[in-house]
Structure formats: structure tokens, C-alpha cells
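Student: One structure is given below, represented as C-alpha cells, and several questions about it will come after.
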Amino acid sequence: MEAIINKLYEQQSLTQEESQQLFDIIIRGELDPILMASALTALKIKGETPDEIAGAAKALLANANPFPRPDYDFADIVGTGGDGHNTINISTTAAFVAAACGLKVAKHGNRSVSSKSGSSDLLDSFGINLAMSAEDTRKAVDDIGVAFLFAPQYHGGVRHAMPVRQTMKTRTIFNILGPLINPARPNIELMGVYSEELVRPIAETMLQMGMKRAAVVHGSGLDEVAIHGTTTVAEIKDGKITEYTLTPEDFGLESHPLEAIKGGDPEENKAIITNILTGKGTDAQLGAVAVNVALLMRLFGHEDLKANTQQAIEAMNSGKAYQLVQQLAAHA
């Protein structure tokens, strides 16, 4: 371990195997906190490579509690959080809409990073059981088409890094690992990142982790596909990465200002999301969710973004998406 940490002190990048060894020891609680802080700082200052991120993610997945993985195509739709904009819970809402459009979604989530209400806070308010067993969660994906895996239930080892992360008060590699360590191991993923600089490296990381089809996005300051500006995309298909940009017009929608999709506390968000999922939200709110669902649908082979967007809006207007919230709450 000394050799690995010394390599970081010399600003040398680790191999994927070395990174996996380092994070394996961190997750097992076997690395001295001072050394852990040094290693995380050295990685941050050097800039984490796709190899290092993939190695860390593999270590966390190897140490995670097991989940009975479906053998069909299924996805995660998730953002890193930490974009600082406190928007409504777009990816959580989009998960229900995507399921209403016939996709299978197993969403990995945690308490909030930057918004006043993270995905788990919102789900809690709808009466959805976050402590659902892995078997029940899997059954929900099978039967309802959507379920949520609450990170602390599967990744207990992350607690060993918590005191160091809280003391450091800065972003570390852990801030980007969450979306990469879904214990259900989806083969399709739409992942939003808080910085445009991360789009390509995270796509390269996903490629190394064997993702079948995925897109990494940053939307004009947001860790989502944007309704207020352009979105930078790195898409994985057939083992290759293609980079492109999207605008609201590509989805057949007008753009709306960022203020139009601001969120609130969990209770306010619950009211907003209920309106969206029953088609009573504003055009901006429905559009913000629909563009994310539309890109996720593309990853399942439905290439026409405009048609996908209309299908997503219809799933909200019909109330079908909200019915899935009620079914998931009853499932527990």
C-alpha cells in the first residue's frame, strides 16, 4: 500500500488494479484516516483518471451487499448531484416516467448532496420503503418496472471514509462514484455530472466497466439534460464513445429559464412532483423530465428524441407515471 500511496505523492496515475487495491482497503476500514485523506487529496489535485475511477468503483461493487441482477436490459438514471442549483428531482421523477414508457429502471440513490431534497427524501415522502430487501426491490423492477436501491443499505463500507470526507469539506472521487456503483449493475445508464470536464472521463470509465449502452451528460450547469440551454453528451454504443450536443429544440421543445425548474424542501417537492406525474406541472417542469426520459429511451434503441419526448409527456398527462409511485409505495 505504501508503494501505491507514494506513487500518488509523486503525481503519478495509478493503474486500475492499484486503485482497486487502495479502495478495497479504504472500504474495509483498514486504511489510517490520515493516509486516506492524503490519498484522496493527491488524487484530487492530480485529477482522477478513468482507470482510477473504474478501479475504485470495482472495489466498492466487489464489497457491496449482493443484489439478484435481472437478465434483461435495465437502466439507472442518475446525477452526481452537487451542481449547486437545487432543481426539482428530475432523475427520480424521470425514473417513474421511463417505467411508464415501458423501460425497466433500478435507480441507485442517496440522501441529498446539494438540493434541499435528495431522491431518498422525496421517495420517503411518498411512503416508498427505502429499506426494501434486495429480493423485494428486484421483484418491483420485474413487476412495476421501477425500484430504488438506497446506497447505505448496500455500501456499508463507505462509512469508513465518511469522517475523512466530512473533515476535508471538498469534492473527492467519492462524489462521482455514487452513480457508478449501483449494486444491481445495470447495463444501460444515463448519468449526469456536475462539471462538463467530467463528461468524457466518466464515459471512458463506464466503457471500462463494461456498460452496454450509456450516456454521460452535463446540461449548462446541471447534472441533467437541460431544458434551459445546451447539453454536452458522451454516448457509449457498440464499444465506442460519440460526443455531441443537444438543445431543447432537438427534443421538439422550447427552452425555459433555469428558475422555472427550481425545487424546494421535501414537502414542496412532493407537491411539484405529484403535479408533474399527473400532467399538471408547468410546461418547463414536464419538459425538463421528458428530455431526460427521451435520451434514456434512445439508450434502449428508440432513436427518435422528438417522438420519445411526446411519449414521455403522454405518460405524465395520462397519470400512468403517478400510478407507478402508488404501486411502489404499496409494494412494501
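Note: Cβ is positioned from N, Cα and C throughout, glycine not excepted.
Sharing the feature lines straight out of Swiss-Prot:
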BINDING   Gly79, Asn110  anthranilate 1 binding site
BINDING   Gly79, 82-83, Thr87, 89-92, 107-115, Ser119  5-phospho-alpha-D-ribose 1-diphosphate binding site
BINDING   Ser91, Glu224  Mg(2+) 1 binding site
BINDING   Arg165  anthranilate 2 binding site
BINDING   Asp223, Glu224  Mg(2+) 2 binding site
Student: If you measure Arg111 (5-phospho-alpha-D-ribose 1-diphosphate binding site) to Glu224 (Mg(2+) 1 binding site) at Cα, how many Å is it?
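Tutor: The separation of the Cα atoms works out to 18 Å.
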Student: For Ser91 (5-phospho-alpha-D-ribose 1-diphosphate binding site) and Asn110 (anthranilate 1 binding site), determine the Cα separation and express it in whole Å.
Tutor: 13
Student: Quick check for you: of the binding-site residues Gly79, His108, Asn110, Arg165, which have their Cα within 10 Å of the Cα of Asp223 (Mg(2+) 2 binding site)?
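Tutor: So the list is Gly79.
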Student: Consider the binding-site residues Thr87, Arg165, Glu224 and say which one has the Cα lying nearest the Cα of Gly79 (anthranilate 1 binding site).
Tutor: Glu224
Student: Can you figure out which of Thr87, His108, Asn110, Arg165 (the binding-site residues) comes closest in space to Glu224 (Mg(2+) 1 binding site), comparing Cα atoms?
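Tutor: Out of the listed candidates, the nearest Cα belongs to Thr87.
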Student: Look up Glu224 (Mg(2+) 1 binding site) in the DSSP assignment and reduce it to helix, strand or coil.
Tutor: coil
Student: Quiz question: given the binding-site residues Thr87, Ser91, Asn110, which has the greatest number of C-beta atoms lying within 10 angstroms of its own C-beta?
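Tutor: In terms of Cβ crowding, the pick is Ser91.
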Student: Once near-sequence residues are set aside, which residues in the chain of the residue listed as 'anthranilate 2 binding site', 6 or more away, have Cβ atoms under 8 Å from its Cβ?
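Tutor: Result: Leu40, Thr172, Phe174.
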Student: Just how many other Cβ atoms lie inside 10 Å of the Cβ on Gly79 (anthranilate 1 binding site)?
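Tutor: For Gly79 (anthranilate 1 binding site), the count of other Cβ atoms within 10 Å is 30.
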Student: State which of the following binding-site residues has the fewest other Cβ atoms within 10 Å around its Cβ: His108, Arg111.
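Tutor: Ranked by other Cβ atoms within 10 Å, the binding-site residues His108, Arg111 bottom out at Arg111.
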Student: Going by DSSP, is Asn110 (anthranilate 1 binding site) sitting in a helix, a strand, or coil?
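Tutor: Coil, per DSSP.
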Student: Please report the Cα separation of Thr87 (5-phospho-alpha-D-ribose 1-diphosphate binding site) and Asn110 (anthranilate 1 binding site) in Å, rounded to an integer.
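Tutor: Rounded to the nearest whole number, the Cα-Cα distance is 16 Å.
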Student: Counting every protein chain present, what is the number of Cβ atoms, excluding its own, within 10 Å of the Cβ of Asp223 (Mg(2+) 2 binding site)?
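Tutor: There are 28 of them.
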